[in-house]
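Novice: Relevant sequence annotations retrieved from Swiss-Prot are reproduced here:
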- 278-353: domain 'B5' (DOMAIN)
- 331, 337, 340, 341: Mg(2+) binding site (BINDING)
């Protein structure tokens, strides 16, 4: 979880009130933080705050914490208002960056009065967002510049590796390639762009370099001090919605210091946008849902008051609350998220504890017993069980399996691209297991009983997790018949008749793959794995496999 340092006096200046250390321990809970440490330095008291929410970068600075506490205490209420005026500054984005670092969004904040506290908070927030929310600058990197040294228009371009500028902290110029090799930040983050034909570069109309995203700012414009009055902010990354959110967090934090936000026109080849966009977001929730899950007897007015403490604009009609919330938040995905804010505003310490009353006795899930029986059968057939991860990625699920990419459930903020989606089928996981064990003796006969996650628009969560069985046999001489023998034995033990209908599937050899039909329903696939798939996984022996849904075979 993100940890960050703040000055007690700076927080109190932003809120307009003073508090004791004991009071601060409770107050920071409103901002989903805990007071991790307190120390004194040069006559000032500092806090180390431990944020308990990785989806709320707006709460990772003194400005964000102070803002939330002001609302929680009723000093302010409702939706925060931020005025954004156009600056008439334009940034042109090079089309050649689409496979390098495609998106950049920008803003100007004027009229700042920076001191050591506010400057350190700005830099700390920039770094925390890039490190945590931005996945060590892979997804989001932020640059802050002295706008008075910049001559618009500005160009975000794909540059030759031989271009030169003086990076931050250096007086002499270096080529972009040299920066990756010699500069501390180049060595730390160079892997993000090193294999690209061109490198990203942000320059102004006079050719002055602002930065080399996501590596380093220039010495000329990238050094911001307490004398800086007007700043230009750039945020680059791979997903437009993520860089937009990061920009919104930065500019609204500076607006809490009295900065005036100015928007920038950003021109891409196929579209253009004005950033930042601080249009409030909207959500609706049933008030009875909040009452039921919270266990609190709250009337409509009380719920409205609690939500206003959490920076919502609330309109209640016919048992529903229509909500508007700030554009620096992107964590509202379900009514439970609204409920959480209601409980934070109410105060968890104010909820009376109740002893749970269990009216029933627990017992095992019959379907889990069925899954265990399937496992026992597979072991009895001479197979070894493996347990692989539900998390995967599109390359494993589709490209390496020689099939077209389909829509699957993806992770919004993956810690790694390797674990960026939920698997749609299990066989790719078994192929990866076989690929990692080519040094072991053959034959290798493995199976897994596990979950596959599918998109289902009819469900509340738009997804459904289905239990499946996947079997893979690897070794010299294995054919379709060997896989079918195991399937025959399984169906016989379960008391089902089945048919196999020939099917074309990129993961299997043409003419040696089929759909598995039970009671007229397609429940899976069986076949000999295609040579291209074996090559993709560096497997040098034949593999035969099948995968089936288990629920159609379950009898209560």
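Every residue, even glycine, has its Cβ placed from backbone N, Cα and C.
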Novice: Whose Cβ, among the binding-site residues 337, 341, has more other Cβ atoms within 10 Å than any of the rest?
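Specialist: Result for the most crowded candidate: 341.
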Novice: Can you count the other CB atoms that lie within 10 A of the CB of residue 340 (Mg(2+) binding site)?
Specialist: 17
Novice: Compute the average pLDDT of the predicted model within the domain 'B5' (278-353).
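Specialist: The predicted confidence over the domain 'B5' (278-353), as a mean pLDDT, is 94.
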Novice: Around residue 331 (Mg(2+) binding site), how many other CB atoms lie within 10 A of its CB?
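Specialist: 16, counting other Cβ atoms within 10 Å of residue 331 (Mg(2+) binding site).
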Novice: Would you identify the secondary structure of residue 341 (Mg(2+) binding site) according to DSSP, in three states?
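Specialist: Assignment for residue 341 (Mg(2+) binding site) reads helix.
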Novice: Using the centroid of the Cβ atoms of 331, 337, 340, 341 as reference, list every other same-chain residue with Cβ within 8 Å of it (recorded Mg(2+) site), in sequence order.
Specialist: 332, 336, 338, 339
Novice: With DSSP as the yardstick, break the domain 'B5' (278-353) down into helix, strand and coil residue counts.
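Specialist: Taking each residue of the domain 'B5' (278-353) in turn, the totals are 33 helix, 17 strand, 26 coil.
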